[in-house]
């Protein structure tokens, strides 16, 4: 229907549910471990075509499957006055208990009591009955369990007139009144014929049409109101008498039967058809109610129409006898009286008949009570009445619980698991939310395109464009137009049409991105849902958790998935509507994620507003105009077709004058949304509606304003503005119960409600639910239900209406007040508390608003998801920032709970929003911390426990607790307190050892797979281009750090990249010999030149140069020249006897033999040759650099000279004492930088001379350097992975940037931004020099050191950076700086530390052992090499530090550590034994205090050698190299570990094997180090799989596993835990806590994906060993091999965008 085109349509969920679903109960979907599986799609079994049809998009959206409901919504039915005490008791006592019970099951509990808070439902428009019945229908449709509770006393209630009477029936009645002209006149005055109904219907006129003051509650109108009320009662009685008399006459005349007449005069008959809402047309059989009350009609609908025993409850209260003194007037609230004050016998008879029916049919749900009234009422203060009310509440609670429990269990039993099969028959579970997402969007799509008229030509062009391009690569199709023009409905119709065109195996995926307004869709969520749908439908492997939660990986998977389905021959159509409604996350509007080109058989259709930013970006991205299709206005004829179709479906029509008015207004703009809004109003017009009441706005916005004005006149501006304002402010809609609660907390709304009357109970004040129900009834076309997780929220179905509501009602003051109410509601501030309010005419009242509490957890494992979703948003926007910091940002439990149940991405998104409004450094740091934690949580697919989350936070934020005590300090305290009181084994971090947030590092771009060899930056376009050794050129935007393009085409390493002057193109030169030109606008390759350079060239040898007229590519011996566009090769030369130094403008400068320089002008074909000064002998060039601005080339020779060569051939020479490995100049060509080993030297070249003015010393070899454009700052990169920032004027070291984790080989510096890259890392880092030094991460030693040793108090770390280095560096861990350098005479083989005696031992390749007393840094001891001069393999010091063992290649020697005159000495060798050179070398060893040596070899042998007597024992061998041998502190045990991840724990006296521990992780194996606890009860191990494990020495059980992101290479016992050093250079300090008794259900592998097995000996009474194996396997889940390969490819999961 075209009328749905502009507004994103009527809620498909609501409409589909209203079609014949009224009396079917939904089943609950429990969120406990008994979670029910969703019913299969399309009515299928879930194992065949049903599910596949859903996933392929071949289901009819109109016939949508029903979603399992997690809601219990109960309608409370009773008369108004006589059951008020029972309703109040239920509200105060029963409902909260049932609410808590439902919450414990993961269900939402809502009560709809439309009689609470009001005394009568009579309204001037006679719509109350329809509102009540519609609410019953909604409860039955939504509720997963009980839906109706009836309360019946001794009052029958008011009998009202029917609002609608069919034409034929009414005319029969008139014909029987021909002798009563006054009666006919009265009837025809109040009942007017509506010819717009089909068939025509007589409509009862509003009371206020004749009695205008009937509903006027103003005090000054009191007399007129009382008069009108009495007049209406008299008129109503007359009308009822006339209709009953006519019915009797009709029976006598045979026009109706006696049975039919009886149905008029009695109660409780059902209608033949459902009432068409809003007064269109009601088609009756002869069951029109002239006598029955609204209550009986409710009972009919809720109890007597095919209702099961489990869906309803019935409470009946009987009064056993009536005392004489309790006259009728005293019982007026509890019985029906006539106008003259007497008991209404007819009403009592009807009530008796109703009760008789209920007693006969509802025995199983009946609760009968006999209560004697006291003074004509129920008095809760009387004991017997209080007991009665308590009994009602107890019965209500117990029976509701029982029925809800049955509903939940039956839902579980009926659940079906969905499976999918790939081409090999493997089965995997389909993600439940994906199926729901597919069904939801197809349901909305089917509803939106129903009745579509027009657009046939545009649809045809779209279909033809796809058909024409299906067999070749092509661009996406873009549908655009003005807002409200029907783009959404057009795409929905396109999806429907294409299903008929495409073959049966095709996949159609449609996503309506504006359907969730005001919350905007997240591009990651959209791409993931599409990827999963395509994967499951086509039998592809779905994305792994890491891929699904990492934007670059997900984007890569999306493109690969499209390519894979194309290669397999599948046809896929993806439709994404309203791209302009995407959220700003990842700068989705810039459309970096949108592929420029699609493979054959894959079609992508997108839509957006023509005026949007997304459209402007896509016009730049797609060059061909053939990809764009505009949706234009509808013609008048098309609008007429839409109108007629719309009204026909509603069984309505319009008069010719009304039709003309509609079409005339529509034809001004031809906007479908405008027409939809007009028709929404026109369907209420009767044929007698006067023109003054036909509001037809000139445009959509006017129509919306008129709608709101109409609602205000009927319901009051405060009520309308409040209700709609809260809906507009809600993040993702509100539950109806939530909306009623927040409106009850809004004092302005409450004051308006009780403006002219007092609340029934001043101590309990709430919004009467009927007021919202009536407003919702009038908003039917503007609201929709949104189901998510089995819970329905209500929201606007039109984004523009939401905007109009916000502009009309949400002034700055009102918006802030409403947001505060929402925030306080989700905080639970007023739950169980009295809230003050000042009502008109009353002093300040303290009243209970009866809002529910909002705990974070409803039950173990069941979180308050609504609080998690809404609270941060409302606290932020209400300006309650201190509460936000305390309750959300600084609350560890809240962060954990939301990360677990909503995903860590949602928490990051919340903190991003907070950072936009709050200038809070701590918020940004916590946000960055969660970004770093995210990979671990993604890897575990959200199944994390609190210990993991808290440990991760503490290990990253510990060092920030003191600088930022208010939030981060509080957060760390919470984490540490919880970990220290955890009842399970746990490691508690005592320092920051995981990658920390903050500091200069802002972003890590990880979109490449290989090391970065070259990069260039376009400052004008703010683009960064990098070339990697895997042949990919990546283009990032520096403004938003998003990947713009991956330029794929090279098959070899990219040697050079260069952005052209226009910034629209770039060049790339690769080792495959090709030179390629790329468009930076759309990422397409424009040109490719093969054999531009020799294959396998290196980055240093191949260079690019672009002059104004020519393009040069040159190596040391080859030059090629093209036109700038690469279209023509102009020159090619191979220099066999010369070396190309560079290019100046169009001249090639080369060095020939004997110091001659040749300068060849390619343009003018001229050659200039000249002799270099002071070069009579042959010189050896080392480095050269070109100065294009000054027209010079600088050349450094090995002979110690620097030559300046101009384009004219002039040259000069100067002494140059360096042999640089790095030579470059500043941008202004004023400073020359020369790097040689660890020194970077700066020369002033502003004049002709070369003046050395600064030497910058580094701790390792200088690899890169760059100077800022103002020549004030210099950044240098070195092999020690540091970036140093220097002052060029003073030479002072201003900053050291840690975090590269690889040698820095490329640098860029501009305006405080540093860009760094490494040839050995697949990442580019962006650093800011303007950062708060308070959150600077602590420095640590370089990653990947060859040898390390660690002092147990962690103040000193000793390391050898590279295997070839001949020095040991001492690092002060307290100050984060280098403290000492120990020069050695040869390469270091191993390091060891005597902890108490403070000695550092260094074993050298020459066999020498150097000993450094740490207390005497100037002294050095030496153990000379053995006679064989064998290299040192291992060093070991016993626990008492009395002896030291040195293992050489051919022997082991024992030395004594003593002191002489307070100076440490080493005596020996005391003892020793030879090692066979025929066996594998010794690889690890431990020296025991009794001078026994336990050692292992490279082939897995393990031996225990007694150095006292020479005895030797062979222990059980390992299957691979022994990597760790560790003795316990007390010498009773030893642990031997090997590369195959097998560990053996030995008892040393007597020597027996206690346990064999085997651990299988996800691909990385091997034990690297170990340490025993001080008590020797536990042993800690560090492994190649980047984990720390804790084992029980007695039982061998694995107690705890902690992932630390890097292999742990050294470990030392420290207090109650250990100190360790990771391969990344971080010092780890942790305390281990273990309860005395560990639960048998404890699973140490719950936070990792692994298996372990322990084989232990069993001790008999004699202590002898029995060979018994005890197998302990936990978590036997299969490994995800795709994930393993991904982790192998990435050295650290912490390299993510910050």
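Counting begins at 1 with the first residue displayed.
Each residue, glycine too, has its Cβ placed from N, Cα and C.
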Original post:
What range among 1-55, 56-110 does TrEMBL describe as region 'Disordered'?
Top reply: 1-55
Subject >> Confidence summary (mean pLDDT) of the domain 'DUF4062' (73-159) >> reply: 89
Original post:
Same-chain Cβ contacts of the repeat 'WD' (1515-1549) under 8 Å, 6 or more residues past its ends?
Top reply: 1438-1439, 1480, 1483-1490, 1492, 1494-1504, 1555-1561, 1565-1572, 1574, 1576, 1579, 1581, 1583-1585, 1591, 1593, 1596, 1613
**OP:** Over the span of the repeat 'WD' (1047-1088), count residues by DSSP class, listing helix, strand and coil in order.
**Re:** 0 helix, 23 strand, 19 coil
Original post:
Can you tell me how the residues of the repeat 'WD' (1255-1296) break down into helix, strand and coil by DSSP?
Top reply: 0 helix, 24 strand, 18 coil
Original post:
With DSSP helix as H/G/I and strand as E/B, how many residues of the repeat 'WD' (1005-1046) fall in helix, strand and coil?
Top reply: 0 helix, 24 strand, 18 coil
Original post:
What are the DSSP helix, strand and coil residue counts for the repeat 'WD' (1515-1549)?
Top reply: 0 helix, 20 strand, 15 coil
Subject >> DSSP helix/strand/coil residue counts for the repeat 'WD' (1567-1601) >> reply: 0 helix, 22 strand, 13 coil
**OP:** Kindly report the helix/strand/coil residue split of the domain 'DUF4062' (73-159) according to DSSP, in that order.
**Re:** 36 helix, 16 strand, 35 coil
